[in-house]
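To start, the structure itself, in structure tokens.
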């Protein structure tokens, strides 16, 4: 059987890995629109979380398998259509993720100084489409809308001491911009309360312990929460306990703590969480061009736990800030008119990864289930889709008796359209160049952010 996977992020690679491991004869081709592989592992994971990027080693093993091939620099939907892929392969798996962000839908959202988290993360991680973002970091107060791990990542990058960032694979130009940054206060704002935050304890602890930055939590937000979490699941309980402890701790009760408190008080930077506030409008400067603040509706919660809804109370509040980052989630886009797409939910309608009404077409990852979860979530989800493909091969739902040409057929289509794919060994040349440039600067790598430069490097 010849299988093709569209997208080379974790979903694509885990799907390929599972099929190759459990079917001794299957061949899998992975298509990627960028020259470089690994999707959000390369472009989403924070530069100061190198351990999370270790999955790249496993993906590299998969790509080097003799039954797997990687074709970068190929945009499915334009360079080659899904219908053409379905002609060339027995099964096609769409694993292209979520390449857009949810919009706030409020006045002032397009003012200068307002950015999506997606674009900001892409900027400091070297995503080619965001390399020219040039965010304005000349204000003292930044406001991040959202209480997820991405929001904490951004706050941490904005407030981290430079000597820590210099040792990471953060891009050269964003490091230079952060070196001149005037931001020293970051507010993370959410529509709901402390019991609904979406970040995890590891990220919160890292933020609380960030050198040179102190947490500013309002004790009133956390009083009486101990009772509310008595029966909560353990991860939620531990997370809330850490928030309560941080908010209610009286500094200086012991001698050691007194010294710590003095160090904290002298911390030049600070961050805090604000709850039950929903953005209404980004307020413009007098010339109407830039963001100077944000007006928020105060909310009250209806319902309990994760299903609680934020309802406006009618009261509002204004907060001054020159930088607004909206971290309210990513969004998948339809790839090709031939593929069904649920625009409401932003996913391809499917059952266990089998695309509804299109036999032989599958999906995995965020385009299958929505943009939630960490790499391990995507791994399990991709194995689930791969299992559906394997079952359909076993049950004869996929007719393997007709031979399919696979890349042979696609290659001539690409050639006729003037598209030159990038192989995995081409990527390894780019990789080696990045690592060499990084070594010269004392970093694990210096990412190349211009696709044209990548292609020149491999002689395309």
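Glycine residues also receive a Cβ, built from the backbone N, Cα and C atoms like all the rest.
Keep in mind that TrEMBL annotations are predicted by a computer and have not been checked by a curator.
Annotated in TrEMBL:
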BINDING   11, 32, 40, 76, 366, 373, 374, 375  FAD binding site
BINDING   147, 148, 149, 150, 191, 192, 203, 373  NADP(+) binding site
DOMAIN    2-158  domain 'FAD/NAD(P)-binding'
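Comment: FAD site residues 11, 32, 40, 76, 366, 373, 374, 375; largest CA to CA distance 25 Å, whole number. In this view, the densest Cβ surroundings among the binding-site residues 11, 40, 76, 150, 374 belong to 11, judged by other Cβ atoms lying within 10 Å. A Cα-Cα distance of 18 Å separates residue 40 (FAD binding site) from residue 203 (NADP(+) binding site). Distances between the Cα of residue 366 (FAD binding site) and those of the binding-site residues 147, 149, 191, 203 are shortest for 149. Under a cutoff of 8 A between CB atoms, and with a sequence separation of 6+ in the same chain, the neighbours of residue 147 (NADP(+) binding site) are 188, 189, 190, 192, 196, 197, 198, 199, 273.
Within the same chain, residues at least 6 positions away in sequence whose Cβ sits under 8 Å from that of residue 203 (NADP(+) binding site) are 149, 152, 153.
A 10 Å cutoff on Cβ-Cβ distances gives residue 366 (FAD binding site) a total of 29 other Cβ atoms nearby, all chains included. Per-site Cβ counts within 10 Å over the binding-site residues 32, 148, 149, 191 peak at 32. Note: residue 375 (FAD binding site) has non-local neighbours 10, 41, 52, 55, i.e. same-chain residues 6+ apart with C-beta under 8 A of its own C-beta.
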